[in-house]
Amino acid sequence: MTDLTFLPDRTALEAAGLGVRYRRGGWALRACSFRLPAGRVCALVGPNGAGKSTLLALAAGLLRPTEGRLRVLGGEAGDPGVRPRVAYLGQDRPLYPDFTVAETLRLGRELNPGHWDQAAAERLVHGGNLSLHARVGSLSGGQRTRVALALAFGKRPELLLLDEPMSDLDPLVRHETTAALMAEAAENATTVLMASHVLAELDAVCDYLLLVSDGRVRLAGEIEDLISAHRLVMGRYEDAGTPREFAAHTIVEARTTGRQLTALIRPDGPVRGHWEIAEPSLEELLLAHLRAPGAPALLTPSAEPRTPLDASPKAAA
Amino acid sequence: MVEFRIDRRSGVATYLQIVQQVKQALRLGLLAPGDKLPTAKEVVAATAINPNTVLKAYRELDREGLVEGRPGLGTFVRRSLARPGAAADSPLRAELAGWMDRARAAGLDREDVAALVASVLEDTRFDDPRGPWGGGPEAGNGRARTGNGTT
Amino acid sequence: MTTTTTSSSLAPPRDRDRDRGRGPRGLAWLVLRQHRAAVWTFGVALLVLLSALGTLYLSITDYVADHGLADVCTAGWACAPDGTIGAFSDELADPVHYIGRVVECLPVLFGMFVAGPLIARELHSGTYKLAWTQSVSPLRWLAAKLAVPATAVLAGFSLLSAAYTSVWRAQPLPVIPGQWWWRSFPMIGVVPVAHALLALALGAVAGLLLKRTVPAMGAVLVAYPVIAGLLESLRGGLVGPVTELSAEMPGLIRGSDDWVTGRGMIGQGGGRMPEPDCGIGVDPADCLAQHHARGWYVDYHPASHLWPLQWAEAGLSLALAALLAGGAVWLVRRQWP
């Protein structure tokens, strides 16, 4: 019972040199390489248009990569053997508006013969005070999300891909849904990859992080390890540029306000000088990286791809 | 049975909040040896936190010898932290209550008292080598790695 | 077939067999449920047309027996009193012909349905993601989108086509030249069914290419008649015609139920001169001399060519349908995993 749910040697997702080009030029994702161990609850974070939804759609088998590859649960994304083991909640929550809730769940049962859990799906729907006979088209946004989540849960997936799962849920339903999601993860060691803007939604829920911006992977790994690899350094500093004693470390971001310097660094050995040193919060870590697009990427050892493509450029610094 | 209350804004790591709340329950006698802790699924279904966090807290308690995991059955309390001196009707508590009255009479408000108590606590050596927060962030990091290696 | 109703408090999670044994399963259920209204419309229309054809059949056989048309009518229009035939044409032959037009036009409607509501609407609204993330690969999805309407066409439309063919045959054809076998060709036999399958495949390609309901339907509405016209222009050559040579000029119309596909003169060297223009009122012999020709030829399909031509055109349509279906598969594989 005290075994952790994650299985570090098993891989849920592994990208090597992954790239997706829009039809009209420009890259949604470029040269992405990372690994997500099985059993993790991973936050997929990044600004709008960073490529989060593209990455989730690739993993769900809805898109084909332009270059590189994405392996899902040991197979290629979209393989007939992989599809039944992956569930996906799209941002637009596509559902048939003229189906009733019961018919929508029947859709899940019909399309997943042998591995459909009607009870799990109905639990989510009943929790939302939803009538099984209501037309999907007459539901509110939050209720539609519940039905879409029920379809995803009913599949009993090994990998659950959620695109902005809580965006249109009220606080109570958000709490209930997160609890249901976590209970599912606890019971079946489901790997969860969850894209979100709302950092408060992710804290305490996720133990793994994937930060993407401009189509690139910026940070990947255990949240604890990523945080402890960084230090927030504050102090009085009035010269131009960054202090000389920082040269030994990787500077993610340095800002000067009046006489005060605030920097987020990746220390390599002890930090010299009279600085106030603190461990950054998850939010500070993410914001600093988003403000500093030039900072090198950081992947913890477990997030490094195990089987990289020879030809593909690695995103790791 | 205990119910955990997770404060996401406290700045204290979630798993430590669970460890502290179990210890608190052990101290106050809410949990006694032989009692079963809620399963990870039960905890996350109520608190909506990551199950690995709960399991990590239970491991920590296991490591300290306070609980033990019995495969297939659950996690059970091994020993109590309740001490006669900390009970509600103990002489120590009565003395402290008397001291509080004197502090109020001397014009100290709530925050003054809290600061005074904290500073005395800081200067007092207890036998617990790990301090009140169970080690710094490096220790937390080290535990994550152990977790990685043992499953 | 164990549909046990266990007590629901025992939480039976995997009750996938609950509805076993009634109705279609899996993707077929989904496609039929999604297009429930269209299924009903098609079913009702089919019943209406079939009962109309049944009534017409009975009326025709009665009329033919009552007026002795079966025996006399081998020599064409003049074989029976004018009033009898006029009444037959107005009351029975014309309705039959209109239903024939419906049979001829249904394939393009099927194609438009596949292009628009069945495929493009799902791609446009994003609901395709629902099936694709519920364990169905894009290719299986496409296969179901083609197989379900194809089955409906094979079952329902074949029945309609067969019924129509029997009614058409029951008529005293020599008195209604508008329905000679080669004029009614795309409404009878196996050809309408093959055309319908061709239109379905065309619809799939249009839907996958355009991904929007109205443009995809419009594309089928434009492209299908072009393909049908092409098939019609090839029709006469699918089976080699019978050629008859004569020194005398052949009648403008050979036997009444022969489909003449070409006629003209044979030159001295054996070369053909189709439809030579000799001017009006010129003696055939002079006309031959004028063109230095040595005789006349006529190419035609006798009535016995109906079925060889039907099978040939059905085969060609099915080959085209297979080609287009292959194109649809290629479009899916190119775009999606």
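For all residues, glycine too, the Cβ spot is worked out from N, Cα and C.
According to TrEMBL, the protein has these features:
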type     : residues  : note
REGION   : C:1-21    : region 'Disordered'
TRANSMEM : C:37-60   : transmembrane segment
TRANSMEM : C:98-120  : transmembrane segment
TRANSMEM : C:141-164 : transmembrane segment
TRANSMEM : C:184-206 : transmembrane segment
TRANSMEM : C:213-231 : transmembrane segment
TRANSMEM : C:314-332 : transmembrane segment
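When Cβ distances are compared across the two stretches, the transmembrane segment (C:213-231) makes contact with the transmembrane segment (C:98-120), since 3 or more pairs at least 6 residues apart fall below 8 angstroms. Ranked by the number of CB pairs under 8 Å to the transmembrane segment (C:37-60), the listed stretches C:98-120, C:141-164, C:184-206, C:314-332 are led by C:141-164. The listed stretches are C:98-120, C:184-206, C:314-332; of these, C:184-206 has the most Cβ pairs under 8 Å to the transmembrane segment (C:141-164). Same-chain residues lying 6+ beyond the ends of the transmembrane segment (C:98-120) with a Cβ under 8 Å from its Cβ atoms: 31, 35, 38, 49, 52-53, 56, 145-146, 149, 153, 157, 160-161, 164, 167-168, 179, 184, 186-188, 192, 195-196, 198-200, 202-204, 206-208, 210-217, 219-221, 224-225, 228.
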